[in-house]
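What Swiss-Prot annotates here:
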ACT_SITE  E734  active site, charge relay system
ACT_SITE  K867  active site, charge relay system
ACT_SITE  D943  active site, charge relay system
ACT_SITE  H1039  active site, proton donor
COMPBIAS  584-594  compositional bias 'Low complexity'
DOMAIN    224-403  domain 'SSD'
CARBOHYD  N798  N-linked glycosylation site
CARBOHYD  N1043  N-linked glycosylation site
REGION    461-617  region 'Linker'
REGION    571-594  region 'Disordered'
REGION    618-1044  region 'Catalytic'
TRANSMEM  223-243  transmembrane segment
TRANSMEM  253-273  transmembrane segment
TRANSMEM  279-299  transmembrane segment
TRANSMEM  349-369  transmembrane segment
TRANSMEM  378-398  transmembrane segment
TRANSMEM  440-460  transmembrane segment
Amino acid sequence: MASAAVTPKLGWVQHQVTNGLHAVVGQVCRHPIHTLLVTALIAATTYLHVLEGTFRAANLGPGSKTDAAPFDVQSFLWGSRSLRLGETSSWRWQVGDLSEATGDGQVNHHWALVTLSFPGASVDDRSPAFLWNALPDSVGAEPITPTSNFFTSISNEFSLAFRVPYTQLSDFLEAVEFVASDKEDRSWAIRFPHGEGKPISLGRWLGNSWLSFLHRAKHAETVDMAIIGLGYLALNMTLVSLFRAMRQLGSRFWLAASVLLSGAFAFVFGLGVTTACGVPVDMLLLSEGIPFLVLTVGFEKPIRFTRAVLYASNQLRRGLQQRDVADKHDSRQRHMIPNAMLFAINREGWSIVQSYLLEIGALALGAVFRPRERFGQFCFLAAWMVLFDAILLFTFYATILCVKLEVTRMQNPGTLDLADDQHGPRIFGYKVNPTSLARWKLIMVGGFVLFNVLQLSSFFYRIMGGFMTNAALTPTTVSPFKVAANGLNDIYLAARAGGVETWVTVLPPIRYVMEASGLEMSAGRRPVFDGVLAGLESPLGRLCLMGALVFSLYLNNHLIPAARWHFSPGAPKESAAPAPPSSPASVPSAVPVPAPSSRSFEEIEALFKANQAESLTDDELAELCLRGKIAGYSLEKTLESIASAGSSSTATTRLEAFTRAVRIRRAAVSRTPSTRDLSGGIQESLLPYRNYNYELVHGACCENVIGYLPLPLGLAGPMVIDGQAYFIPMATTEGVLVASASRGCKAINTGGGAVTMLKGDGMTRGPCLGFPSAKRAAEAQRWVESPVGHQVLTDAFNATSRFARLQTLTVAQAGTYLYIRFRTTTGDAMGMNMISKGVEKALQAMTAHGFPDMNTITLSGNFCADKKSAAINWIGGRGKSVIAEATIPADTVRKVLKTDIDALVELNTAKNLVGSAMAGSMGGFNAHASNLVQAVFLATGQDPAQNVESSSCITTMKKIDGNLHIAVSMPSMEVGTIGGGTILEAQGAMLDLLGVRGAHPTDPGANARRLARIVAAAVLAGELSTCSALAAGHLVNAHMRHNRSAASSEKK
């Protein structure tokens, strides 16, 4: 009950989400330039706001150092770690809170471990002696052994470590703020954790960033570094896979770049919301977490959406190409791209949204359960990033994809003949050369990009004195044993020896930079880049850039619609030679979706009821089907009546009406709400429907037709059967089958061919009769088996057809039920309908001859037995009972079949006879007779379901006079050459190939009997070849070579 209640709700949610995506994507496709403009402006505003708020706050926050500001020790304590050692911690280092150490009056020993790093220091400077002169006597700093690792040599960094009483830390840091170097005009200066508010050059900023990276790497865990390195390596591989996937879809650069740009926008939006909510974001955690977030979320959803859109676009394009040339210039061309987007939404929209919801939910759980930890803070940011990525996928990226498809459609002459190919579009009433147009567009778009890049750079280099953070971007805590392991060991030994409670605060390493003693550069040597940025700061520079941006956007907004919809009002240009019509085998049959109807449903229904349905479009008729006004199964009848009632100028043939019915049914099926998630793609699928004679199908072979299935058809042989050579047609999707049968035919031909015998010919039908009592049923059985009753039933039966002649009656009783098995000839027809009509008349005659109390329970009581394996068919036969035999020379067995006679005989006995008996098989004493029977049945229009009893077969093999004798006995072969699927054109052609199509002109039933002999001979060839392959051990290798082909690549 619960599951039943949930399913409709899920379907409703899916329907609402899909409709919402339809509305959003439809709007952005109608206004692509506006969508790109709004998204770009919002993104630019957001990242400028984030940058300005972040870096200005950083510059004015704690730790800023100006000439007028006092020395701030707290800025150096950010990220420090305090440890305690004593009896309370069992003389082990224990992490503690700094407030406990500074507020506890019992603590007599509180040390600060300070590491000073001098990048690129000279050999003469590699001694602490040059610091002593700067230290006052009141500072009791003691040098200790600095801690080094692998990255020390890479960074070319010289470090000094000191143990300073915590109460004297401020005096020590102020004393070592500036340190003299071996160069008179330069000195070492502390690089403050949060900058000094001074602008720096681009090269210096990059250098500081590299040194900062090496500095962090030197004090990081090796395992952490390896994991982060693997993360970034995998990130690069993910980016490469994105570009490769988009390249396979036909875009070398722009679509992949658009996906990355959309992801960058999502990051900016997510960071803006996160900082606005007051959630602190760790910049180092960002650098560590973003690669793994990208690896987890990936680019699979944009790729899926792109693939679905391109697939739908290609299908619609193929559908338009199958129409006449005049149809290429109607409104369907305009709606091709939006319809492709909507089809992609139907196919992948809900699945993509579902994936996004799962990812957002998982990240939200991480943010809720661990809100105050770095992991929870990153989950909060990541959840917003994924949310904005989902929004941008169906807005910003969908717009770019729509524009890309429009450009591709305009550049493809096979898709649409543009009227302005030779003259170009017009701007403000003037013709524009396409080359100049491309150059102008490149300059304008480049101006927009340059404006944003320089605006971003101006914030970096105007404000940053290094790599900065603000209150929202806090530093990470240092690892004390990575930074000062040697110093901690020295303090541990001293404290343990003296038994003194000791606190140690390990500061993050303090880095020095080499600075000029005076002004580093004069006004006359101002960097060119800074001059450019200063120029951009002026009102005139900003005004010029904004003007160029507005003009670029206006130009694109004017050009793209002009190129999309500017077609010639006259007739289309005539091509040099008309293209030949596409055959159904060469072009898949995709259905172009018509433009939405402008008439309301009430108007459509009124026209239909007023017998004016000939004026309705396919889309409107499909809507009538969906609303239940036209039954789906009666579309052929409805459209046939519409065609016959139309005027002479609009009259269509019966075949055209039936083809249109199939097309409308496909549209109705694809739009059925209850199955749209599964059947929504049937309208534009590769299932063909054109160029088929549905007049032969209607009322004979199939109902609710939506197309036809092309099936591979092969020919085995030629094979000599009863002295006549035949090619045997086989329709199958199983590799090796036709090849194997051909090998069997070759082997049989060397022995003179196959010889067949027809042992019986009679179709059966077994009705079930009910009587008031078992005694009454027994009386009826005696009457049926008596000469009088037999004659009455025979006369009534034979009167129904000139071909039907009753042969035998087999009667069986079960309680009050009586089963009578009628067996009769049926000419060249398979005969099920013929015998059913005769049985019905015979039972009426029986009722009139003394059995008015008889009740016909069913006309087919499974005593036939039809489409079921049964012993009565195996023993008594049904249809044609055929035997086929052949003698294979021993030399052929060795050279052609690659085995020997004794092995074949033993295999047949052990497998086909004993093995089937052990399995309790009924008529299955063969290797694979059903394979051959079904393949020939499909090729010649037989009833596929009757393969069940027709495949009953026993294969025998003997060694006679040194040669192999093989025979197959098939007692219930049910075939016909008229009626059913034999009326179809393709199947009829295969009957012509065998010379057995239709009824025999002089000998009724001869064609059907000949077909049964051919089928039995084909089974004989298949059995011989397959058993030989099994005996030689070649079966698996043959199937792996011929039936396991790799998927073909679309790229040629």
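Any Cβ shown, glycine's included, is placed from N, Cα and C.
This view paints the features noted in Swiss-Prot onto the structure.
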residue : record                           : Cβ within 10 Å
E734    : active site, charge relay system : 16
N798    : N-linked glycosylation site      : 17
K867    : active site, charge relay system : 17
D943    : active site, charge relay system : 18
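Regional average pLDDT for the domain 'SSD' (224-403) in the model is 71. On a Cα basis, D943 (active site, charge relay system) lies 10 Å away from K867 (active site, charge relay system). Separation of the C-alpha atoms of E734 (active site, charge relay system) and D943 (active site, charge relay system): 19 Å, rounded to the nearest whole number. Comparing N798 (N-linked glycosylation site) with D943 (active site, charge relay system), their Cα atoms are 25 Å apart once rounded.
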